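According to Swiss-Prot, the protein has these features:
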- Gly14, Ala15, Ser16, Gly17, Asp18, Leu19, Ser20, Lys21, Arg49, Lys158: NADP(+) binding site (BINDING)
- Gly14, Ala15, Ser16, Gly17, Asp18, Leu19, Ser20, Lys21, Arg49, Lys158: NADP(+) 1 binding site (BINDING)
- Lys158, His188, Tyr189, Leu190, Gly191, Lys192, Glu226, Asp245, Lys344, Gln378: D-glucose 6-phosphate binding site (BINDING)
- His250: active site, proton acceptor (ACT_SITE)
- Lys341, Lys350, Arg354, Arg376, Tyr384, Leu385, Lys386, Arg471, Tyr487: NADP(+) 2 binding site (BINDING)
Amino acid sequence: MTDKLSKYIITVFGASGDLSKKKTFPAIFGLFKQGEISKDECKIVGYARSKMNDEELRDRLKPFLLKQVSKESNGEKIVDEFLSNVTYVQGPYDTDEGYQKLGEAYKEIEKSLNKGSPVNKLHYLALPPSVFGSVCEKIKNNIYVNEDDAKTKIIVEKPFGHDLESSRQLQKELAPLFTEDELYRIDHYLGKEMVKNLLILRFGNILFNSAWNKENIQNIQITFKEPFGTEGRGGYFNDIGIIRDVMQNHLLQVLTLLTMERPVTFDSEAVRDEKVKVLKAIAPIDHDDIIIGQYGKSXDGSKPSYLDDETVPEGSKCITFAAMNFQIRNERWDGVPIVMKAGKALDVGKVEIRIQFKPVASGMFSQIPNNELVIRIQPDEAVYLKCNMKTPGLSTTTKITDLNLTYADRYEDFWIPQAYEALIRDALIGDHSNFVRDDELDVSWALFTPLLDYLEGENAPEPTIYAYGSRGPVELNXYMHXHNYKYMHGDIYQWPVTRPDSE
């Protein structure tokens, strides 16, 4: 069940931090700009230890908000109107004093917002996980509300732990304080337009729904590529690595939506029940069936290696690229390789899904490419299906082409919300579908922790060095071939703009 969008105070904890300035406040502003929240029904409060007043916070936020309205003639006016709705409370995170001050600020806001009666509170914790427990305890003891028309909701940011043990410890701290209905664990990939579209694409189209199984699908790829390295943040990244950064969370969420069974309804609990079921069906990750890499200098020497980053410990084995195969032991997917790949400092920046179907029966055609469904999550959302067609003319030769749905070409003047915009709105209306449940989190860490222990142990394998700006480790193509992926056009898909002289 979801709530109607009612009166709220949204408090951003960590208001002076980078995440708040670059993501959280811009997302709330995006909802304001689109009319999803209004000054009459929603007030915004920033909370942090930094000593500043309302105007100083507004001045810090303004440049980031102006970027969103740079093409609008009245953009600055919209930004100023939003910022007039933002106030600031300064205080510590670990003592009651600041929260009591926050409570007094709430009372003043509620006088104008709801004639003095309590309103809903959404607390967005843009903070390190190490302080989640203590901050939540202070919220519960000082500013918690749970009435018919006034509820408390908490959004917490990833990472939700460093491994299975730390994740369970974090949950142990939060569980006595707030119910699952009050907690929203945010994984921003679940707010991306194409990720939210996966269930509609699968279950709303009979041609895909009926072919979505081991009888028809030969291979699935989930790919994350960044064209840049750690750029001076290697010291931070060194403690995380690419697997914790995007694979255990973002890409695993994509995998569950791709492979889960049809839920009974679109109710958030029904969707998350099916995600947990498919997670439990995944076999342990085979430590001998992975590729790990670390980027070196670019082939021309112009781009630095990971170890050239001054913040990186000497001789670090940190993994900046990984590819691994998932096997789902159930009736639908048993035997289908599902390869997850992610890396930094690669040739392009993109996130996409490739579902390659099995070849048609031999006999009529001597050789014909496999059909392939490609779902591009970013940049430039798109879905296209690679199909075989007759080449125009007298011959009966075939050519691969595509049925193409590129969002920018098909949907004009539509607002496609950014991930954080979509998820904050979901939290405001009480929709948990695109947030991570406690048991889901536990199963995902149970799947990845043995692999991480192996890769970070005393006998950890050496990552393969690959060139900055390349496609990744040289053994990647052979790895994909071994997992049933059939490349076309010299291993790189060519967009099908075909002319007679190119035959």
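Including glycine, each Cβ sits where the backbone N, Cα and C put it.
Predicted, not measured: the structure shown is a model, and the values here were computed from it.
Spatial neighbours are here defined as Cα atoms within 10 angstroms of one another, and by that definition the neighbours of Tyr189 (D-glucose 6-phosphate binding site) among the recorded positions Asp18, His250, Lys386, Tyr487 are His250. Of all the binding-site residues listed (Ser16, Ser20), Ser16 has the fewest other CB atoms within 10 A of its CB. Here Lys158 (D-glucose 6-phosphate binding site) is positioned 14 angstrom away from Gly14 (NADP(+) binding site), judged by their C-alpha atoms. For Lys158 (D-glucose 6-phosphate binding site), the same-chain residues 6+ apart in sequence whose C-beta sits under 8 angstroms from its C-beta are Arg185, Ile186, Asp187, Asn249. Other Cβ atoms within 10 Å of the Cβ of Arg49 (NADP(+) binding site) number 13 in total over all chains. Secondary structure from DSSP puts Gly14 (NADP(+) binding site) in coil. In the three-state DSSP scheme, Lys158 (D-glucose 6-phosphate binding site) falls into the coil class. The C-beta environment of Arg354 (NADP(+) 2 binding site), restricted to residues of the same chain at least 6 apart in sequence and closer than 8 Å, consists of Asn219, Ile220, Gln221, Thr223, Glu372, Leu373, Val374, Ile375, Tyr485. Binding residues for NADP(+) 2 (Lys341, Lys350, Arg354, Arg376, Tyr384, Leu385, Lys386, Arg471, Tyr487) extend across at most 23 Å, taking the greatest CA-CA distance.
Residues within less than 8 Å, Cβ to Cβ, of His250 (active site, proton acceptor) and separated from it by at least 6 positions along the same chain comprise Asp187, His188, Tyr189, Phe224. With respect to Cβ neighbours within 10 Å, the binding-site residues Tyr189, Tyr384, Tyr487 differ, and Tyr487 shows the lowest count. By neighbour count, meaning other C-beta atoms within 10 Å, the densest spot among the binding-site residues Asp18, Glu226 is Glu226. Under a cutoff of 8 A between CB atoms, and with a sequence separation of 6+ in the same chain, the neighbours of Gly191 (D-glucose 6-phosphate binding site) are Pro417, Gln418, Ala419, Tyr420, Glu421, Ala422, Leu423, Asp426, Asn434. Ranked by CA distance from Lys341 (NADP(+) 2 binding site), the binding-site residues Ser16, Asp18, Ser20, Arg49, Glu226 have Glu226 at the top as the closest. Residue pair Lys386 (NADP(+) 2 binding site) / Arg49 (NADP(+) binding site) shows a Cα separation of 54 Å. Following the DSSP three-state reduction, the secondary structure of Lys341 (NADP(+) 2 binding site) is strand.
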